[in-house]
Ligand SMILES: Nc1nc2c(ncn2[C@@H]2O[C@H](COP(=O)(O)OP(=O)(O)OP(=O)(O)O)[C@@H](O)[C@H]2O)c(=O)[nH]1
Ligand SMILES: [Mg+2]
């Protein structure tokens, strides 16, 4: 299949344009370095390729390497029908520098080029008109004013680039293409001055907001408040939704049970299905709220500012401001976060960031945290419900993960455990414009995060719940202690007894090495079988009634913050670092540390 390549500088709207042309839903966000891999999609009879952004052919980071390598390869390939150079109309000069290099390269290889003057809606908003005909003439390649957001000019653009790629619309021009870096710099500066909007109009608002957001005192305060409310809100905003889901599950469960009457089938439905799977579904709203708030931060342009504010403190711990975005996104899931670390220029800092990312509390830990917090922390609220005590403990757990990661980064960077030069590249980050979130795709992403969470963990939880139920139900002597599972439980008891946990918690913890969320489901099933009354449900009250010791509960929480119980993360770490031995020692190290912390918590607090 013939290919069309979409290239341009970071954060210039390539992926949103790609999504509009292919109907796919690649991640789009308002900071440089969102796309870190080659993505392809079908665009009419063509394959459209979305690449990571790059500032120059002289690459600094892994994602730029990937883009430039792919472009060079495509230039030599007969199947490459067209190169689309994406320009950010609000940042014409810097986008032209890279695009002009690409145009020169394409000319050398006899490939057709068109320019997409993207984000044109922002020009329309300030009433600035760019004469694209004249610009085309000067550039020697067609220029299309488009907006991937409002879809302005997209229909014509689609039609034309397919025709150009098919050779039905000639685009060759006699215009001389400059290829020396100095000429390109000069040309970009000159064209931006003549065609672009005035910088003071574009930057007026941005500078005003930044003078506050990046100020050393107010900026740090805003940063701390934003982070506090981010993790708070997972608790406060999600609470009513969680109650709704819980009530819904209760109604469905009662209805199902009324159909089957009493007996083994009823026990199975109550304990395995609604006890196990139901206990886990309750936490889906929290995952969605987390995605929503991180999404707002990403879209608004604040993340790059936060990265800047964090650069100095992070440098002390041996990493850089570039590690901030991967660290934050790791709170949703470690895997894309490890991939996002490709934008970190220094290989050493990139490696340290990747190895410490699993300590950030990903959404799979969320159900475990939420369950144990509900057991021990009363639902007290302050400031009219904006801040809750449970939310504060929740924030403390996230903070504990972050601080552990920073301490380990410091340790790795000050020892020879990770080799690489101490002298690193300077920290350079282009600040994006502030924008209002793009609500529709954001909400779609929120729904998608809930679905993905269920899809990823659901089948494992279902299988584990069924397995635990069968092993715990038979042989039917009426007690969990005497079941097959009870027998297995006695073998593992010595490992968990020093942590103040009986074998039921041991089984749930061991099972959660398959996926962390399994912990809640497995406990739900175990306590369901064990429950004296026939009541489904509130697992937190069951644990409370069972008398779980405070030290043991804190121990479980610390264990889950630190232990690396995720096969997919380990596989991604291996692939991205290429360091199997190092990754294995990190997994074992985190496991030991997790156990010791849990042991200390129980032995000290009791
Ligand atoms: N107003 C406006 N915003 C846009 C337009 N196209 C993209 N954006 C916004 O620009 C930001 C960057 O968009 P992306 O598509 O992720 O940019 P990219 O070039 O793929 O970025 P990298 O993958 O980091 O290289 C996002 O916040 C988009 O919503 C547009 O036409 N108009
Ligand atoms: Mg992109």
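A Cβ is built for glycine as well, from the same backbone N, Cα and C atoms used for every other residue.
Quick look at what TrEMBL lists:
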type	residues	note
DOMAIN	1-167	domain 'FeoB-type G'
TRANSMEM	221-241	transmembrane segment
TRANSMEM	247-265	transmembrane segment
TRANSMEM	272-297	transmembrane segment
TRANSMEM	324-344	transmembrane segment
TRANSMEM	351-377	transmembrane segment
TRANSMEM	389-412	transmembrane segment
TRANSMEM	453-472	transmembrane segment
TRANSMEM	549-570	transmembrane segment
TRANSMEM	582-605	transmembrane segment
At an 8 Å Cβ cut-off, counting only pairs 6 or more apart in sequence, do the transmembrane segment (351-377) and the transmembrane segment (582-605) clear the bar of 3 or more pairs? yes
Mind checking which residues reach the transmembrane segment (582-605)? Cβ under 8 Å, same chain, six or more beyond either end. 355, 358-359, 418, 498-500, 549-552, 554-556, 558-564, 570, 573-574
Please report, as numbers and ranges, the same-chain residues at least 6 past the borders of the transmembrane segment (453-472) whose CB is under 8 Å from any CB of it. 268, 271-273, 275-277, 280-281, 284, 287, 363-364, 480, 483-486, 488, 507, 511, 514-515, 517-518, 521-522, 524-526, 529
